[in-house]
Amino acid sequence: MFQIFRGSPALSEFRLNQLSARFQKADLPVKSCYAEYLHFADLSAGLSAEETDELEQLLHYGPTLAQHESKGECFVVIPRVGTISSWSSKATDIAHNCGLDKVVRLERGIAYYFEFERTLSAEQQQRLVSHIHDRMMETVVRAPEQAAVLFDSQDPKPFTTVDILNGGRKALEIANVELGLALASDEMDYLVENFTALGRNPNDIELYMFAQANSEHCRHKIFNADWVIDGEKQEKSLFKMIKNTFEKTPDHVLSAYKDNAAVMEGSKVGRFFADQDGQYRYHNEDAHILMKVETHNHPTAISPFPGAATGSGGEIRDEGATGRGAKPKAGLVGFSVSNLVIPGFEQPWENELSKPSRISSALDIMIEGPLGGAAFNNEFGRPALLGYFRTYEEKVNSFAGEEVRGYHKPIMLAGGIGNIRAEHVQKGEIPVGAKLIVLGGPAMNIGLGGGAASSMTSGKSKEDLDFASVQRDNPEMERRCQEVIDRCWQMGEGNPIAFIHDVGAGGLSNAMPELVHDGGRGGKFELRNILCDERGMSPLEIWCNESQERYVLAVAPENLAVFEELCQRERAPYAIIGEATEEEHLTLHDNHFDNNPIDLPMSLLLGKTPKMTRDVKSTQVNNSPVDQTNIELKEAFHRVLRLPVVAEKTFLITIGDRTVTGMVARDQMVGPWQIPVSDVAVTTAALDTYHGEAMSIGERAPVALLDFAASARLAVAESITNIAATNIGDIKRIKLSANWMSAAGHEGEDAGLYEAVKAVGEELCPALGLTVPVGKDSMSMKTTWSENGEQKTVTAPLSLVISAFARVEDVRKTVTPQLRTDKGETALLLIDLGEGKNRLGATALAQVYKQLGDKPADVVNVELLKGFYNAMQTLVQQGKLLAYHDRSDGGLIVTLAEMAFAGNCGIRAEISALGDNDLGILFSEELGAVIQVRESDLAAVREVLTQHGLIHLTKDLGLVTEYDEFEIKRGTKVVLSEKRSELRGIWAELTHQMQRLRDNPECADQEFAAKKDPANQGFSAHLTYDINEDVAAPYIATGKKPRIAVLREQGVNSHVEMGAAFDRAGFEAIDVHMSDLHTARQNLKDFNALVACGGFSYGDVLGAGGGWAKSVLFNTALRDQFQAFFEREDTLALGVCNGCQMISTLADIIPGTENWPRFVRNTSERFEARAALVRINESNSVWFQGMAGSHMPIAVSHGEGRVEFKNDSQLQGLRDQGLIIAQYVDNNIRPTEVYPANPNGSVDGITALSNTNGRVAIMMPHPERVFRTVSNSWHPEDWSEDGAWMRLFRNARVFFK
C-alpha cells in the first residue's frame, strides 16, 4: 500500500534565490519556484487514525519556513529508481522503533512547482531538470503518485553463463566489455584455460568476482610487476623497494603489509571504556597505533558527495577491521582537482578548459566532495584534523612533450589513525566450522564494479557502468557496527572475533574469499542468507555490490551467542551466511533457484594469475627557467595568496567535527584568532595522559612534471618538516603511508614512477631511518574523451602523498605557527635547507603565471634534513620555540604571512643575507622553516643548531611587531610594504567565495568582514571561579558515587568522553543504550542522574534528536519512565548537542520547560564545527553554580542548533524567568547573533537553557570535549590539567552531597 505525506518547505529563501540565479544564467524562463518535501510510505496494511497521526508527527521536522501555494508545473525529485537512500534506512528505523510496524519503508522526495514565462522546449526541460537533481543519485518524475515506482518489487533474477566452451575467447572478450570487467589479455587467456580444464562455462558472478579480486585496485599488479626500463631489467619490483624501508628500519613496527592497516608501538595509558557490567573505567594498557590512508578517486569524479563520503567510510572500516578489531580515532582528507574557475572569481592562471560530461567539474567536486567526507567523519564520530587541497590544470612542456596536465580525475584522499590492543594486533585462527558473518547493512543494487572501474582510465568504461559504481553512504550504520567491534575488543582475550575484514571494492565477492583465504580456509555460503533490501537482484548483484558499512567476520560457534547479543544491543544488522571449510574451495548456494552460482577452487580465483611485466622507456624534460621579466612582487604575492594550495581553507575545515572524542590536542585552527595553519595534527593517547599521536602530510605533485624523484623526496621531507613541530623524539618513531597516483602507460610516467619509488624506498627513507609500512596506489590518473570529433586528454602529474604518523611523548609541547608579541624581545630565524639555491621550478609562483620553469626544489642534503629534525626535536623538548612554521607551497613569504595572521601581528623582515633575487628568496619552495625564539634563548638555540650542523643555514629574518604591517626590506630599500589585515583578507577570499556559493551568503559575508577587521581582539577567557578548585572533592572523599546514566541512541558518538568527565567528577558512569531501556535491561529509577549525549542519533533524520525523542514519547512505558525520572526531586539531567535537541523535544514531560524552544537548522545551513566564546549568566541552574560572569571558549559541533520559538512570548518568558544560562558572545564579550561568533544564528546568542527548578539543563556546545585543558584548541597558558568546563560536572556532584 502506497501513501503520500506532504512535508515542510524544502528550500530556504537564500536557497531559492541561488536556484533562481542559476536558472537565469541558464536562460530558463522561470517566473517562480517553490519546493516542498514529500514523504512516501510503503505500508503492509492501512494505518489507523492514531497511527496516521503518529506518522505525521514523525514527519514534521525542520525549521519553520515560508509556505507557498503548490501551483504550476510539478517536477518531483526522488532517489534513483532501484536504490534506497540512507535517509530511507534511518527514517524507517525510527518508525519501527516508535512502534509503527506497518511501515515497510519510508522514502523522501522534493516536489518543485514552477511557473514559467513561456512554455519550455524539451531541451529547456532537460536543462531545468539538470539544475534540480543529481543524475547519479536521483530521478525526476512529473507527479507525486509516480514515486510509487520506488517500492516496486521484482522476482529474483538468475545468474547467466558465458559460453566459452563454444564461443571461446571471443565470448569472454564480449563479456569483458559488457560487464566492465577490465580484464587484461593474459587474464582472459588464464580464465579460458582454467574453465576449459574444469569442463564448464563460467557464470557471470564468477567472472565478476575474479575481475574484482584481481583488479589493479585490489591486486596492485603494477607495484608487483617485473620492470624493464630502457631495455635494462630492474632488480626489484616497486613493492619490494617499498618493503626495503621495513627491512632497513623495522623498529617499532608491529604489523606491516598484511592487514587492513599498519600498526606501530604506542604508549601505555589508561584507555577509558565501559566494562561488560556497563560501568566506565580506566584500563592501563598499551594503546598501539594503527595507520591507514586510502584514495577514492573514481567515485568522487562521478558523484562527489557519496564518492568522498564512502572514501572516508571505507578507510574507517579498514582501521576498525585491523587485527581482531580496533578503534578508529582521528582522520585526514585531501583533494587534488583541476582549476576551480569560480564564477566571478576567475583567476589569471585559469583557463576554462573542457571536460567530459560524465565527470563532475573541479568546482562541483570541491563543493560537494569535502561535504561528503566531512559528513561521514562527523556522523561516525571521528575528528578530521588534517588535510591538503591542490589545484592544477595547465598546458605545459613535460616528459611527454606539450600537453594538458591536471586533475580531471581527482585525488580524494582519506586516512587516519586508530588504537589497538596488543593482543589483537595479529589476526586469529579461523577454525573449521567457524561461522562466516556479514556485519552491517543490507545488500543493495549500488556500487557495482568499483574495483575494476577505478582501475580504468576515466572515459574508458561504459557510462551506465559509471552509474553502477556510484555508492551510498550511511555513516550511522557504520557507527553501530563499530560499537559492536568495540564491545568485542573490549572483552580482551574473550573477544569473539577470530578474523575480520572490511567490505570494500568488489563487495562480498572480494571480502569473503579474502577472509577465508587469509585464514587458510575455504567456505560454503548461502546466497539468500545475505541481508538484501531489493528482492529482484541477481546472484551477481547480491554477491558483488559494494553496499557500504559492512564487515565480514569469522566467529567460532561457541562464541556466536555472545556476538549476536552484542549486535542486538547495538541494533547492528548481521547475517550468518556460511561456514569455514578445511578444503580451500568456494561454494555459493542459492536456495531460491537451488543451484550453485559459484563453485570454484580458491586457487583459480586467487592463485597464480599471470604476472605483469612493464617494459618502458624513460624520457627527458627540457624546459626554460621561470621568466621573471614581467612579474611584479606585490601582484605575484596577491596571486599566490589566492591560489588554493596556499589560500585559507576554512571552508574545508569548519564543516568537519574536530573535537569529538575529547582527545584532540591540536587541530588545524591555531591561536585566539583560530587561523587554519597548523603543521601537524595531535591527539592524546587517552583521556588521562599527555602521551599522544601525531599526523602530518607532505605533497609536492607539480614538481614531478620536472623531476619525478625530487617530487617524491620533497613529499617525504615535507611530512617530516611538518611533524617536527611536536614532541616525538627519535625519527625512527615516525612511520609513513605512501599513496601513489600515476597515469600508468602514459609516455614517460612508468619510468618516472619507478624512479620516484626508488628515490623513496631505496635511498631517502633508509638514509633517514623512516619506514613505509602502508600505502596505496591508483594507476589510472588520466581522463580521455571525444569532443566535436577531437580526442582530448588530461593527465595528472605523478602524485605522491605522504602521510606521517608518530607517537608523541608530550602533546603539550607542540609548537604552532602563532607568532607571539607577549614574550618580550624575540627573533625570527630562517633555517634554509635549500642552501640558498632558491629554485623556482614548479612553484606556486610559476603556476600563477602559467609557467613551469626548469629546476625545482629538492632535498639537497639528507644528513642536514635529519639534523634539522633532530635539532627541532631538541628545541621542542626544551620549550625554546615560541613559533614554528615550515616553508612549503608559496615559499618564505607565505610562511611569514601565515605566522603573522596566526599571531595577528606585524612583521619587519630583512632579506639581504638570503641572496640577490627577491622572487627566488621569497617564492622558492625549498625545504626549511621559520622559528621565533626569545632573545634570551637565542644563544642556546644557536648552540643546538650548531651541534646539528645547521648554523651556516640559519639566517636572521627580522622582527615581530604589534602593528598591522607586513614589511620586507633589502637594506634600506622597501621590497614590500602592506597592511597585514589587507593581506589576511586576500588570503581569505577563496573561502569567502566558496562559502557564498555553498552556504548562506549572508553568513559568508559576515565571517569575511570579521577576518579583515584589524580591531578583532581574538578569544579571551575570564573565570569568576578558581579553575583549580575541585568543589566536589569533599563529597568524593566520602566514597559515595552517584550513578549517572550516560544515555545514547544509535548514532550517538560523544558518550565516552562524557562518561570520562563525570567519572572525574566522582560519579559512577554507566553506559546505557536506548535498547537497554526498551528491553528493560536498565531502568532510569536506578539512577541519580542522566545525560543525553551528542552525536547523530538516526543520522539527524526527521530532525536532529527528533527521532530519538519520539521513540520515547510514542512508547507509553518509556514515556512514563522518563516522566517519572524528571519529576523526582533528587535527580539531575543534562542534554548536550544531540542530547539537547532530544531533551528539548521531551519538554512536555519535563516540569518548568513550557518556554523551551526547539532546535532547527543553523542559519548558515551548514554543519558548524568551531571553538566559540560563551558567557555564563546568573541563573538557578545546579549545573552552572558559581560560574556566572565567566566567559570562555567551548567546542561547538552541530548542524541544527538554532533556537526556534512557537511565539515571541516564549522568548520573553525565558528572559523573565532567568533560564538563559549561556550565550554566544563576540570577542568584545557582547551577546551576538553575528556569524561565526554565533555559529547557528540563535536569537540573543542563546546556547544553554535551564528548567525552572534548575535541575535540568540543555546546551548545544560540548563541555565534555574540553573538560581537560589540553583538549581546547586555544586556552590561556596558566590553565593546568582541568579545563574551565570541568566545573560544570563537579557542580553536579556537589548537588548529591
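Every residue, even glycine, has its Cβ placed from backbone N, Cα and C.
Residues D679, E718, N722 are given by Swiss-Prot as Mg(2+) binders; from D518, D886, D889, that same site also lists D886. The list of residues near the region 'Disordered' (305-324) in space but at least 6 beyond its ends in sequence, with Cβ under 8 angstroms from a Cβ of it, reads 134, 136-137, 255, 259-261, 263, 290, 292-296, 298-299, 331, 333, 368-373, 375-377, 380, 382, 412, 414-418, 420, 423-428, 447, 470-473, 475, 478, 481-482, 485, 488-489, 495, 497-504, 548-549, 551. Of all Cβ atoms in the protein chains displayed, 26 besides its own lie within 10 Å of the Cβ of N722 (Mg(2+) binding site). When Cβ atoms from all protein chains are considered, those within 10 Å of A309 (ATP binding site) total 33, not counting its own.
Over all protein chains present, the Cβ of R317 (ATP binding site) has 30 other Cβ atoms lying within 10 Å. Note: G307 (ATP binding site) has non-local neighbours H296, H298, P299, T300, A301, G369, G372, M412, V470, Q471, i.e. same-chain residues 6+ apart with C-beta under 8 A of its own C-beta. Long-range Cβ proximity for E1264 (active site), meaning a same-chain Cβ under 8 A and a gap of 6 or more residues, is found for G662, S1054, E1057, M1058, A1060, A1061, C1093, G1094, V1136, W1285, F1289. Counting residue by residue with DSSP, the region 'Disordered' (305-324) contains 16 helix, 0 strand, 4 coil.
Taking Cβ-Cβ distances under 8 Å and a sequence gap of 6 or more within the same chain, the neighbours of D679 (Mg(2+) binding site) are S696, T721, N722, I723, A724, A725, T816, P817, Y884, H885, D886.
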